[in-house]
Structures are given as C-alpha cells and as structure tokens.
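Below is one structure, written out as structure tokens; comments come after it.
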C-alpha cells in the first residue's frame, strides 16, 4: 500500500512539470512528419547508383589521385566524417574522404555503446531553463529513432534501470524519465515504468537490496559503435564516395581567389601511410571532421588560430556477462564525485563507464589504474554484497577522448558547447566539432548545408533520414536461421554474423571453411568462447582492414571484449591476413608486435598484467602456503623448485588428458613473471595471493592444478577453458 501511495503521489507531483514542457513537445510531431517524408524521399529517390560490390582500397586511392577536382574532401573517418561523406555523395556531390588511421580508430569506437538523447542533459535543460540543451536532447532522440531504423542489425532498444534508494527520489526521477518519454513523442521506444523493490530484484538480481525502495526503467538504444561507423563509411563508398583509410593529410592546399585576392583552401596533400606515396587531392570544399584533432587541422589552415577543442578522457571497463542481466542496463545517476556511470550488457559481456577527466590529445589514449578502480568502486556501491567485484574480472579497458569544444562563432569563446559547432574559416575550411555519436547524421547534414552555402555548390537536399546503412535493408531478426540451415553454422555464430553484417552475412558464410566435424559443418572459431570465425578475417580485408589491429579492434570487437582472447587469436589472424595480403615474415612479426603493443597499452592488458608481478607480496596464511606448496610439488616431482611444460604434461598424461604444446605455453606464460620459461614456487604463491585478493581471476594454471589435485586418483577430465571468475 505504501508503494502505491508513493506512485499516486508521484503522478500528482509530476503532472505540473509534464505540463510545462508539453507545448514544446508538440514540435516533435512536425519533425516526425518531416522525417517520415524524408525517409520516403531517401528510399524512393536515391541520386546515385549503389555499387553491388565494394570498390577495393587500391581503386579508391586511384580515384583520389586521378580525379581532377572533387566537390568535397572530408578529413576524418570517424562517425561524423563518414556521415558527412554519405550525406554529400547522396546529394549528388563528388565526394572524397581520407583517414590517417582506420575508420573508427579513435573516439567513435570507444564510446559507451549507447544511442541516446541524454537523460542528464534533459535534467539540466529543465533545471536551468536551457532551451539549447532541450533542443539538443530532442534532436538526439529523433536521431536515435532514425539510427535504430536504418541499421537494425547493429542496434536495438535497451531497457535501463535506475535504482532508487530514497523515497523522495522516486517522484523526482519518475518525473524526469517521463519527460524524457514525452520529449521523444511518437519516437519513444517504449514507455518507462516504475518497479517495486521485489520486481526490481527479480529483473536485476545482482542489485544491492539494502534500503532499495524501487526502481524506474526507461529505454534507450544500444549499438556496436565501430561496426556502425564502418557501415556508414562503406555505404558512402558503395554510393560512389572515394574513401581511403591510412591516408594522412600532410598539409592543406591553397590558391588565391582571382576576384577577392584572398587565399582559399582548395584541397590537401595526402600520403598513403602504408606505402609512403604522396599525392594531391583537390576539392572545391575541404571539411575538417577530425574529432579531438580538430585544432591540428585548423592550424594547417591558420597557424595562429586559437584552440577550440578541450579534450576529455572517458574510461570504460569490460567485465564478465554474469555481472548484469542479459537485457537490462543500470544507470547510476550520481556517483561519489557527481558523474554518471552506466552498467550495461553488451556482446554478452558487461560494460561499465564512463569517467570524465581532462586529458591531452593523443593517438593512443591509455586507461589508468586510477580510473579503472574508480569505476569498480562505483559498481560495488550498486551491486549486492553477494557479488564480489574483483579487479581480476576486468577483461578489457579503454580510454576514449571526447572532443568538447568552445564555439568560435560565439561571443563567449570560453564556454563549452554541449552541442556541435560548424565553423567556416576565412579561407573556406569547414570545421565540424563537438556533438555526440547519436547525432552524427544531423551533424553531417548541418555541415554539408554549410559547405554548400559557403562554396556555392550545386546539391540536392539531404537524403540520409531513413536511408539504410549497408546490411540493414534486407535484415530481419530471423535471418540467422537461414545461415544455420543453408550453411551449417552454429546458431551462436549465425546470430553473431547476422547482427554484425546484416544481409551481407551470407557473403561471410560463403567464405567459411569446412570444419571436418559433424557439427558445425563450416565456421572455425578464432577463439573458443567467442563466435568470431576465420572467414571474417578474409571478409575484413574486403572491408579495408589493413592491419591486425583493424581486425581485433574494429572488424571484430575481440580486443574490446577480452584482451587475453584477442592476444591468443593474433597468430591465426596474422597468418590469414599474411596469406591474403602477401606479407613477408618480417611484416608478420611487425604486425604481431604492433597488435600486442595496442592490447598492452590501449586495451588495458598492461593494467591487468600489473596485478601480478614479480614484486607482488605474498600474504597467504601459513595453512594456505602449505596447501599450495603441496599442490605445486605434485607437478614438481623432482624438487627443482620450478615447473615446466614437461612437468605439466607428465601430470596430465597420468590423468589421461592431452593439451597441445602451444596451449600449455600460453597457460604457463600467464604466470611466468620473469619470462624464463618456467614457473617458480614463489611465482605460484604470488599467483594464489593475487587470486585470493581478487586481483587476478580466470588463471588457467591455477584451475588446472587445483583440478589435477582433486582428480588425480579419479582420472576425471579437467577443463582449462578461460573462466570468467576466480577460484
């Protein structure tokens, strides 16, 4: 009864607040109708022929070199730059795009994976009567609906729970979330609702029970950000845009306007990063869409121009899937330092983040141990004490640089703009900066509109509302069943291919090799616990993958899900790529070293490995030390003080278990701190201490040795698959 009274009171309290924004929400009806009309126009009146096959990178580079002059040249292959390319080419403009690294190699692949309007921005808009913030949220909610429509294979609605621990917060949060629904209008994904304590715990059993009053559930979108970015770029290429990754802008080209005598940007000197070859790309308009690197390109245009980008680092961590329900996220609206933390299921894992700290612009942002521990602390505050949140369960971590900007068009050039900014310099360079992932399309539309006006380009209207991205048009939720039936793929693999490639999944399936097993018939996995298969590597090359990092980070998401699994998959990935791209042995070694460096620094492997070092303190009790020594000596029969692969193989043979030598090398290497090819007793005790403290989890050597001890007389099979948890 108390809960019902609070809900009734909530409705009365919220009624007035809802009424105050009802008039503004009517604007959504016009936008919805406008969007629907644009959707029809986009689908029925596409200006260019769409290529059935994707042009090769070589042919794209040739187009860049040989085309006399493009209408538009875009610098930057993130979500915004790729969106600009798609917008421009579908308006009938000849379009070029260059990216010095890989598509989505920067901020666009390191997001929270949400497609959202921003609940916190709406709160600010209401509390401060900030109409600009309101418009930003409204625009983002419109774009959320569009993105879910044009890429249904890569995105989906996600319910997110906001747990409430004080009675007075229930009406407060309920009003805010209902306003969020109201602003979305007819594009509201699903209506939010209030849950009792018992129902909240039923849906999110890991939640902390103490003082829990109830919860509110609302809906936002979720996507595979790097694949979404890639889909935008590939769609632009299929419509005729000349897009090339690993193509760096060395300097901007300029010419003197014969009428005004002013210097005007007319293209860029580019360099193929892979070959070193340089060439000029000329264009009537150059667009700077380089995210955190906005100012470096602006300074190519005018050296003395002030910086407008104020970069902020956001760290995320990935934990095993058992930390969250399969289809329910969690929002912590107010962390200990006032930030917002999301806790979300993604790709059968759990993402937690993000932080928000000032940083320097860099190509290789590194997650810090301080940020990782901050997120873990906040997670502990919301999860049940029955769930031990361990540092060792952090499977991957990354830092993304968010390009917050000041508006050079504004009189107040010091204040941060939460919206995107489009600026045209005196020489005609068009810069698009700021904004958020969700609004990439409207940012691109505003940018191309500005470019058309500033340079007098002849172009049609924007046609990207409702325009399907590659893989989306022929996709359906049951497409994976055809993949299982037609090709003999595992169901999990088929679902993964369907949700990654959409209607192009059949092209990947055709490349899959026969396994030689009764089932599955085709599709050899790269690593046992993830549904990525070897044919995806071959297909990734068709999608412009040039390095091993492109594959583990962006064509697949293995590096973002489990750095150790990505590390183990690298030799096979490089073997397949080397064969297709005709790499020398030296090139393969370089690729392996670069990929390992990427995993070590940028994906959190360094922070993970530092949880167990040769300087780690042993704090086991005397009883535990004796127990672990006894276990160790089962393998060290000769009393050498260390164990090797030979020792492990001997014990495994005694219990009728065989593990190939490569796997054993990997298992011992996880614990071999001084990398001398053997595990000393001290290293083993350091490992067991780290496991006991929760710093390390999923150690295969520890699992294997414990299982051997328990089953040495029973001769049972021992599982040495990576586990998500510790002992």
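Our numbering is plain: 1 for the first residue shown, then up by one each step along the chain.
Cβ atoms here come from the backbone N, Cα and C positions, even for glycine.
Features of the protein shown, as given by TrEMBL:
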type   : residues : note
DOMAIN : 623-658  : domain 'EF-hand'
DOMAIN : 659-694  : domain 'EF-hand'
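Per-class residue totals from DSSP over the domain 'EF-hand' (623-658), listed helix then strand then coil: 23 helix, 2 strand, 11 coil.
Secondary structure of the domain 'EF-hand' (659-694) per DSSP, as helix, strand and coil residue counts: 22 helix, 2 strand, 12 coil. Mean pLDDT of the predicted structure over the domain 'EF-hand' (623-658): 85.
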